[in-house]
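Report on the following structure.
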Amino acid sequence: MREGPELQNELVQLALKEKNWINPFWIKAMYLGNRAPLPVYSNPGFAVPDVTHQTFQDYFTYAASFIQGVFDYKSLIDRRAIAPETSTGRIKPQKLCMSQFWNIFSSYRHPYFCMDIMEIREIPVPSMEEHVTVMYKSMAFFLPVVLNGKIRSQKELAKDLHHITQLADAECDNNNLAVSAITSINRDRAALAYQLLQRDETNKKSLNSIKRCAFVLCLDGTVSGEEMDNPMERRLVHMITGGGPKHALFNRWFDKTFQFVLTSDGCVGVNYEHTAAEGAPMFMLMEHVLDFISSGRELCDTLRETETAAYRIQWRLDDELNAVIKSAMEEARFTEELDLKIFHYTGYGKSYPKSKELSPDAFVQLTLQWTSYRLHGHLLCTYESASMRRFINGRVENLRAATPQVLQWVATMENKNASEEAKRKAFLEAMDHHCKIMFEVLTGYGIDNHLMALKEMAEHKYEKVPDFFSNHQFDSMFNFHLSTSQLPWLKPNCAVGYGPVIEDGYGCAYKVSTESITFFISSMKSCKNTDSSRFRDALKKTLDDMKTFTEAIVRWEHRVLEDGK
């Protein structure tokens, strides 16, 4: 590509000026420019252990404590009082950039045609007024939490939450349109709905109220998914989709960074708009909130009980908006197609590959590649999220697992005529190459972000984009049929998952524990080429075969040593 040196030079010059040269390109390509709906295709869900509510008052009391727990963590963020994290692993430990934490309560993804905008509001410290948006029965409510610089008591908050449910029950009828549906659809169609909505001043004010809230609290009925046998799968699907339009999908506002979900039967979790930050802030926040609740703490700055202050957020809808919302509610039925399976493998965990001096993550990634090859006859273009927080304002880079070395290995493994030596050699080459890429990516030498930046610069610089960036091969490099991420922060009895990033793909988050591995596998029921149950079953066999194979390598090497004596 003759334009390459020129583009590279411009990128180098940009890097000399910016603290982080990739983020402006990466965030647009990964999130803001993506036209796919946020539920399933972008926003992950996180379910934590259930709680027990004996009465509805218990439910409101728990929700009030939850709100205070979130604001307790928010105060640490506002004061920049969170202790810096330190990297782990084989690379020299170093402190990680904490910038992802700073905007998680002040960010909002506003849909626009072709490219969304990430809006970040300035929050004074200390803040004199703060509120949350409460969703109940697909209606939005304004709930003040901080008044005159003082946080309201849990008793006051619980009283207001009860008042919200009474208001909604009095106003609710089956003909109500869910304005929130516009946040669950294709982003260009969402942009049109926003445009129509904001023509009216009342709607503009209401939308601004939701944008400026600290977070959204979703008070749901019972958890959806009665037809699912696995309770953990039910909880996680509910966090990702709310169970679809027939259940609680419209009791969400997907454009806000945090939507905390509390069901009346004790399911607890979050739906997370991913543009502002990676998973670490979400995990750390939820851990803090749950510890806050279990400790029985209460923040109480108010000197006297205030009057009920919550109210319903109003919308003025004309015929055109009604039609758009009805269309959005129909379009959102795609969320019913999510097929999610949780697979808890107990044959071994990270202690086994470590005992063979193999990288546990590389071991799992090669297993996923072999599984894909067995199911589809070829490798799948794979995304594995690798943290870039060793660098200022760092987000992630892609650690590419589908390499020529891996292809050579899986093809050799499936060749009945291949010798033990050929399989061993191919495996070690694939493993070594994956670990080499892992080191390069984590130290800033990955290729995806670099190529993404060069393409974005070319699109703005040249009237005709160079063929290198516009051919099918380049596009297919970024068409990820297998989207994966390791979950080192995940606690026991919790679940994290997301849908495939493309309709005919898989999502596969995983937690590697000492003696087990848990996989959160997703696909779309509407796609005939993918099937989460088939993937799970093939993965089980491949995990078993990986242990048999790697143990055979050790036996083979011992035999060679004995023969050589």
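Any Cβ shown, glycine's included, is placed from N, Cα and C.
Per TrEMBL, domain 'Choline/carnitine acyltransferase' is recorded for 3-541. Look at TrEMBL and you will find HIS274 tagged as active site, proton acceptor.
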Which ones in the same chain are close to HIS274 (active site, proton acceptor), with CB under 8 Å and 6+ residues apart in sequence?
TYR31, SER42, ASN43, PRO44
Mean of the pLDDT scores, which run from 0 to 100, over the domain 'Choline/carnitine acyltransferase' (3-541):
95
What does DSSP call the residue listed as 'active site, proton acceptor' in the simple three-state scheme?
coil
